[in-house]
Amino acid sequence: MSLEPTLRDLLHSKLQWIFVGGKGGVGKTTTSCALATLFASTPVHDAVTNTTRPRRVLLISTDPAHNLSDAFSQKFGKTPVPVNGMEETLFAMEVDPTTFTHGGFGAMLGFPGHIATDADAPSPFAALGNILKEAAGTLPGIDELSVFAEILRGVQQLSYDVVIFDTAPTGHTLRLLALPHTLNSTMEKLLSVEGLNTLIQAASAVLSSTTNLGDMSSLMPAFKQWRENVQEVQRQFTDAEKTAFICVCIPEFLSVYETERLVQELMKYDISCDSIVVNQLVLKPSSEPDCRMCNARQKIQSKYLAQIDSLYEDFHVVKMPLLSDEVRGVPALQRFAQFLLEPYDADRHGYIDVCGAAS
């Protein structure tokens, strides 16, 4: 049975983490920004005081191509900045995943100082830490996982009600989703006596046969902390009460193909996903004269819309119209967001321009 073609249910949930992902160029950033304005405009019930209060929302871009600044016509950086016009409720930041991996990797893992890859550290543990950092840095998805683990620790202290991620294109996202499971399995083996001995022998061989690694028992707490961090990320990912993934696509072959691949991977790793946003639909009022180009595009799109409706009949499938211009600034994003809550109807709503006027 088809679900309501809106994202209204999300606004009344207790979700803490929302990921918006899909193929590049399908409108992920516009969708995530519009969704963020919706959450920031919707009060949340405070169980302690039994009253409603403004909801605090953090929007984070982990896409190296960062477009949040363009979407809001405002500059963002690696720390949360209030969004103009919604200063009390909506904050945004753009982070470079590689800086988390290479700049704060030891801290993310919970390594003690003497193996945190400090260049001034006198102990040979510093060299071992560098080896571990370089080895882990080659893992696909480690950049994105580092971001999430760091944010998971920091954001919980900043009193945000919900964090929305504007993610990198599908390939990066799939690696991120798979990594906690892979790392957790690896760490289980590594933390066994045999696994740790193997690591020690390998490290000794690399550093040199004469290097004294000292008391290797101090490594155990560090690796246990790493495993706990990874396991916490995995718990958050797979908790349907806390985490949801929204797939964004357009009605074209490659986008629909990648969406199905993404949905299958989400199911594989037990990550909740029951919402799909289909952008850039050519929809015109019935009173408008025929347009040869419009009819051709509608014919192509209707083919893939039929596939989407068939594949995701138990999803919230939100169908968004192609607009007359780019969606930039809070007013335009809020106008776009209206149709995440209310199904767009060309005869009733007419053409929508970026200023929010219907014609």
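Cβ coordinates are placed from backbone N, Cα and C, and glycine is handled just like the others.
Some features that Swiss-Prot has for this protein:
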ACT_SITE  Asp63  active site
BINDING   Lys23, Gly24, Gly25, Val26, Gly27, Lys28, Thr29, Thr30, Glu252, Asn279  ATP binding site
BINDING   Cys291, Cys294  Zn(2+) binding site
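Shown on the structure are the features that Swiss-Prot records.
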residue: Lys23; record: ATP binding site; DSSP class: coil
residue: Thr29; record: ATP binding site; DSSP class: helix
residue: Asp63; record: active site; DSSP class: coil
residue: Glu252; record: ATP binding site; DSSP class: coil
residue: Cys291; record: Zn(2+) binding site; DSSP class: coil
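Here the CA atom of Cys294 (Zn(2+) binding site) lies 15 Å from the CA atom of Glu252 (ATP binding site). The closest partner of Thr29 (ATP binding site) among the recorded positions, by CA position, is Asp63; the full candidate set was Asp63, Cys291, Cys294. Each of the binding-site residues Cys291, Cys294 was scored by the other Cβ atoms within 10 Å of its Cβ; the lowest score goes to Cys291. A straight line from the CA of Gly25 (ATP binding site) to the CA of Cys291 (Zn(2+) binding site) spans 25 Å.
If you count neighbouring Cβ atoms within 10 Å for each of the recorded positions Asp63, Glu252, the highest count belongs to Asp63.
Recorded residues Cys291 (Zn(2+) binding site) and Asp63 (active site) have their alpha carbons 37 Å apart, per Cα-Cα distance. When the alpha carbons of Cys294 (Zn(2+) binding site) and Gly27 (ATP binding site) are compared, the span between them is 20 angstrom. Farthest C-alpha pair in the ATP-binding residues Lys23, Gly24, Gly25, Val26, Gly27, Lys28, Thr29, Thr30, Glu252, Asn279: 19 Å apart.
The binding-site residues under consideration are Lys23, Gly25, Gly27, Thr29. Their Cβ neighbour counts within 10 Å are lowest for Gly25. Lys23 (ATP binding site) sits 12 Å from Asp63 (active site), counting Cα to Cα. Here the CA atom of Gly27 (ATP binding site) lies 13 Å from the CA atom of the residue listed as 'active site'.
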